[in-house]
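*Asks:* Quick one: this structure, given as structure tokens, is what I'll be asking you about.
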Amino acid sequence: EPPQTGRLALYLLGLRAACRPPRAHRTLVTWLKHYLEEDWIGSWQDGHPLTSYYQYGLGVLALCVHHKRLREGVIRRLLTAQNYGRLGHHGSLVDTEAVVALAFTCLEQRKLVGTDLAAELRAAAHGVSRGMAELQGSDGIVGNIYSTPWALQVFLATGACQESEFSRGMAALLENLEAFGTAATMAQVLPVLHGRSYLDIASMQCREEPDTLTPLDTEPPAEVPGNKTVQLVVECPLPWCYELRLYDRPVPVPASASLLGVLQAAAALEPHVFKFHAQDTPHGPFLTQVLGLEARREKRNYWRLLRAPDTPLQMGIADYTPEDGETLILRLSEW
């Protein structure tokens with residue numbers, strides 16, 4: 001299996017933010033350096049890391065926050081990918097570029113690289129920040145609602161944006177806080193809501209604080225009564241597909257069902273016709289295969305999630321809850 005670079009990096013960032021003593025995570029830091037080396041070898045042999053540039057960037061960021069030096073080759077592999085536009089397709093590009101820009105800024109600010117490389121990293125990070133400012137929509141969102149906290153962290157860390165751009169992004173987050181319901185998405189948005197970025201973890205002054213946290217006495221959300229029907233469509237507009245529309249069926253589901261629930265219901269209704277596979281990630285399940293067609297990084301394709309006729313979903317398959325009568329399209333697309 002590929003190294004768990006991203007998951008371990010996020011865990012180490014969490015440990016540092018929680019002010020755990022360094023001895024509690026020395027072994028994990030060593031493992032992360034090992035994973036990054038494996039990813040670097042993969043990018044050298046195959047043209048991309050064994051995991052992804054997002055995870056690779058998270059690994060560099062986490063090690064920098066823990067004040068660990070990296071070989072220049074590991075850093076330059078990431079810098080080259082950013083300079084030549086190899087970081088990913090539009091659905092994940094903002095997240096990946098943001099992680100990379102934060103890693104570059106951390107290395108430069110913590111003086112963990114030489115002067116010449118630091119100047120290159122600073123220029124690359126500021127370029128990413130300016131690009132995200134240009135990408136920001138009139139609603140304040142950069143990419144999608146989940147990418148916006150990453151973009152705002154870059155704005156804060158680099159200082160290469162206008163106050164109005166940050167304010168519009170913050171307003172968008174405050175209007176959509178209900179979208180951040182998983183631990184991973186909350187971890188991205190919480191620093192921004194306090195005017196901070198992951199880089200601030202590196203310079204935190206940890207102090208003994210009384211344990212005043214008490215668990216919230218909350219009840220699980222009530223089930224929405226009734227049922228609904230969602231029209232599920234699978235499309236493959238790529239030249240090698242034998243037809244455009246591969247699946248088009250109404251799928252009855254409970255009223256509270258998410259898109260993932262719709263897919264599971266379709267598979268239960270017609271197990272010999274409809275099949276899908278989702279890969280578990282720190283951000284929830286990610287759709288990788290539908291009707292035997294696999295989205296693969298080396299083929300530069302992915303499953304695009306749309307609300308008919310052509311509106312991209314701003315949530316993952318486990319988070320988006322379609323309405324009764326809605327038509328959802330799974331479209332195999334290239335990047």
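Quick reminder: no glycine exception, Cβ is built from N, Cα and C everywhere.
TrEMBL labels come from automatic prediction, so no person has curated them.
Pulled these features from TrEMBL for this protein:
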{"type": "BINDING", "residues": "T51, S52, Y53, Y54, Q55, D95, N144, Q188, W303, R304, L305, L313, W335", "note": "cyanocob(III)alamin binding site"}
{"type": "DISULFID", "residues": "C64-C106", "note": "disulfide bond"}
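Give me the lay of the land around each of these features.
*Replies:* All protein chains included, N144 (cyanocob(III)alamin binding site) registers 18 other Cβ atoms within 10 Å of its own Cβ.
Less than 8 angstroms from the CB of C64 (disulfide bond) sit L70, A103, C106, L107, R110, L112, A202, each of them six or more residues away in the same chain.
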*Asks:* Please list residues from the chain of Q55 (cyanocob(III)alamin binding site) whose Cβ is under 8 angstroms from its Cβ, counting only those at least six apart in sequence.
*Replies:* T5, G6, A9, D39, P49
*Asks:* Tell me which residues of the chain lie with their Cβ under 8 angstroms from that of L305 (cyanocob(III)alamin binding site), as long as they are six or more apart in sequence?
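*Replies:* Spatial neighbours, sequence-distant, of L305 (cyanocob(III)alamin binding site): L259, L287, P312, L313, I317, Y320, L328, I329, L330.
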